[in-house]
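Annotation comment: TrEMBL describes His97 as active site, proton donor. Among the features that TrEMBL reports, 5-amino-6-(D-ribitylamino)uracil binding site is placed at Trp31, Ser65, Tyr66, Glu67, Cys89, Val90, Ile91, Phe122. Per TrEMBL, (2S)-2-hydroxy-3-oxobutyl phosphate binding site is recorded for Glu94, Thr95, Arg136.
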Amino acid sequence: MASINKNLSDFSHMEVASAAPYRFGIVVSQWNASVTGNLLDGAYTALKQYGALEENIHVMQVPGSYELTSGADILLRNQAWDAVICLGCVIQGETKHFDYICSAVANGITQVALKHNKPVIFGVLTTDDLQQALDRAGGKHGNKGTEAAVTAIQMAALSAKNQ
Ligand SMILES: Nc1c(NC[C@H](O)[C@H](O)[C@H](O)CO)[nH]c(=O)[nH]c1=O
Ligand SMILES: CC(=O)[C@@H](O)COP(=O)(O)O
């Protein structure tokens with residue numbers, strides 16, 4: 001398990017670019033809000049920590065993780081964002097529904113990124129239970145929202161450098 005040996009929010013090994021020049025969209029799902037709210041806090045805090053301006057951060061809520069794809073597409077077709085961060089939490093239930101949502105979201109987010117030629121970051125927890133999710137949303141394994149935000153900054157800088 002990769003996370004067990006790693007804090008998702010420890011970027012001391014990396015030189016993170018300034019977020020000041022860039023505009024970020026954040027799409028966050030309302031399912032498992034106790035988790036996704038923590039992911040959003042981590043992402044927003046990280047963007048501000050690395051210099052993003054509040055007026056350059058826009059948050060959109062969607063019902064569930066399956067709708068993250070549509071939310072990212074709506075953001076990217078309507079305004080010029082330098083990167084979009086998708087935050088969600090999918091927790092295994094009794095049926096195969098979990099598998100279909102996780103696959104659809106991962107593939108959908110990839111398709112939106114390619115369609116708009118913009119970084120769309122997969123900040124979606126896909127866990128066996130709630131505790132695993134809480135551990136990765138500000139718990140003992142850090143915060144995947146923080147990780148997703150730093151990834152968005154790095155990709156926005158990379159895109160700008162290679163235009
Ligand atoms: N079970 C979870 C869901 N299910 C809802 C779907 O994401 C979607 O909103 C619905 O199928 C209608 O299209 N969503 C999560 O984000 N997390 C879950 O654990
Ligand atoms: C990931 C889901 O949609 C899941 O939580 C739904 O639960 P179930 O598979 O028991 O219907």
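Keep in mind that glycine also has a Cβ here, set from the backbone N, Cα and C atoms.
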- Query: So which of the binding-site residues Trp31, Ser65, Tyr66, Val90, Ile91, Arg136 sit close to ligand 1, that is, with a CB under 6 Å from an atom of it?
  - Reply: Trp31, Ser65, Tyr66, Val90, Ile91
- Query: Fewest other CB within 10 angstroms, which one of the recorded positions His97, Arg136?
  - Reply: His97
- Is Arg136 ((2S)-2-hydroxy-3-oxobutyl phosphate binding site) helix, strand or coil when read with DSSP? coil
- Message: I'd like the Cβ neighbour count for Ile91 (5-amino-6-(D-ribitylamino)uracil binding site), meaning other Cβ atoms within 10 Å of its Cβ, all protein chains included.
- Response: 17
- Task: Measuring CA to CA, name the entry from the recorded positions Glu94, Thr95, His97, Arg136 that ends up nearest Glu67 (5-amino-6-(D-ribitylamino)uracil binding site).
- Result: His97
- Message: If you pair up every Cα among Trp31, Ser65, Tyr66, Glu67, Cys89, Val90, Ile91, Phe122, the residues annotated as binding 5-amino-6-(D-ribitylamino)uracil, what's the maximum separation in angstrom, rounded to an integer?
- Response: 16
- Task: By CA-CA distance, flag whichever of Glu94, Thr95, His97, Arg136 among the recorded positions is nearest to Ser65 (5-amino-6-(D-ribitylamino)uracil binding site).
- Result: His97
- Query: Is any of Tyr66, Glu94, Thr95, Phe122 (binding-site residues) within Cβ reach of ligand 2, i.e. under 6 A, and which?
  - Reply: Glu94, Thr95
- Query: C-alpha of the residue listed as 'active site, proton donor' to C-alpha of Val90 (5-amino-6-(D-ribitylamino)uracil binding site): distance in Å?
  - Reply: 10
- Note on the structure: Pairwise CA distances across Glu94, Thr95, Arg136 (listed as binding (2S)-2-hydroxy-3-oxobutyl phosphate) top out, in Å, at 23
- Among all chains shown, work out which of the binding-site residues Glu67, Glu94 has the most CB atoms within 10 A of its CB. Glu67
- Quick one: what's DSSP say for Tyr66 (5-amino-6-(D-ribitylamino)uracil binding site), helix, strand or coil? helix
- Note on the structure: As a whole number of Å, the Cα atom of Phe122 (5-amino-6-(D-ribitylamino)uracil binding site) is distant from the Cα atom of Glu94 ((2S)-2-hydroxy-3-oxobutyl phosphate binding site) by 24
- Quick note, Val90 (5-amino-6-(D-ribitylamino)uracil binding site) and Arg136 ((2S)-2-hydroxy-3-oxobutyl phosphate binding site): C-alpha atoms separated, nearest Å, by 13
